[in-house]
């Protein structure tokens, strides 16, 4: 008997015999264990910058400023121990604000409120930047492990790309990004891993809540609410060509995400509006410079210097405009692809939207690769393209810090001078070119988790909303079991097969 990740027949090309429960448990144990090992390596990589001595503020010594770039062990976590009142254990946002020169004060940090809370919690028992880094790693590591588990459930052995990927070593504890990645992947799992258990409305609502929490961590999952709403609007995998649109379901998704964002942010906005707003103002005022790692700086020199007001004002308008345009383009292509695929490819559209953001936003921080990595697992991107992107990213991620060390030493000021400077150029432009290619590829390649095949135009529309119990429709064994004469046979088969939301697809193996 053939079973799939969500208890339905897979789309053509993704057929596979479902694994046993024991095989799935072994797979997940391997993925989670390897993820844990890689996270340890990621922590050790960043901890190289800590100690062995500390000054009066708890800053690592000696020579922290040079070590962090020369040894390529810099992390925002360790660095921001000083400068945001984290070392003083100030509760974030409530008494904060932003100065005329753009400096954050009073405990306000440049991140959304849930990330600010994580930072505050990690600092409570810390007295040095090393302690803060360790506490932050301990808080975030479970989110990294959960992401590996979720990806293993959805895409099976391909999840090793997350577990063993270089970005996890380079960036797992560079910033506070593991929780938001877990939220984004969790939304995909809820929608496609729990199909046999929950109705589309319920899955869409829970996924929207997770994306709303992601927005309150690092903003970017909020963009995925649009393709999720379109998926529910068109009735997901129960879509019938020419059938009715589920407007209530789409509104429910958008409302759940918006309500989550409001519920999380409102207490901070009420308690300290200026401090809460300052985190957004800081990002709006941020100028394009060599720390933003984007093509806006490297591609338009010498006009892209921070003191060129006209250029900075242009980018501040042009960058978000182009980002939104890329979102709309991806969503529109998704509607066109839906006619062939049968259901709206919301995961693929989300991945393409992320590519548009990474390419066109004025800031491209190194750890953003962690946002993209799960989509390499969830979508069948050719391995050569994946490898090319990871190489370009590593060249950029390592080269930029060695170049900053050269700049601080007064040598190799130009991008054409020295190996480190040339590595930055290769990384910036290689990554930019691959993001353009990935925007297209993500919208063309199939997912690595199973989907229901397209429904014929004359098929009856599902109930409104689709029933949570789809066992008789999706599980032939369970359907047979409704006949008492066949119940024993079906039960014996089910003993050897996983539950309906167990992932499958032999084609998802790396």
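Going from the start of the chain as shown, residues are counted 1 onward.
Yeah, the Cβs are placed from backbone N, Cα and C, and that goes for glycine too.
Unlike curated entries, TrEMBL annotations are predicted automatically.
What TrEMBL lists as compositional bias 'Pro residues' is 453-468. Per TrEMBL, the feature compositional bias 'Basic and acidic residues' maps to 486-499. According to TrEMBL, the region 'Disordered' annotation covers 453-510. Taken from TrEMBL, the feature transmembrane segment covers 25-44, 130-151, 171-194, 206-233, 253-276, 314-336, 342-360, 372-401, 421-443.
The transmembrane segment (171-194) makes no contact with the transmembrane segment (253-276): fewer than 3 of their CB pairs lie within 8 A, with pairs spaced 6 or more apart in sequence.
Counted over residue pairs separated by six or more positions, the transmembrane segment (314-336) shares fewer than 3 Cβ pairs under 8 angstroms with the transmembrane segment (25-44), which leaves the two as not touching. Of the ranges 25-44, 130-151, 253-276, 372-401, 421-443, the one with the most Cβ pairs under 8 Å to the transmembrane segment (342-360) is 421-443.
Same-chain neighbours of the transmembrane segment (253-276): 92-97, 106-108, 112-114, 204-205, 207-209, 211-213, 215-216, 222, 225, 228-229, 232, counting only residues six or more beyond its ends whose CB sits under 8 Å from a CB of the stretch.
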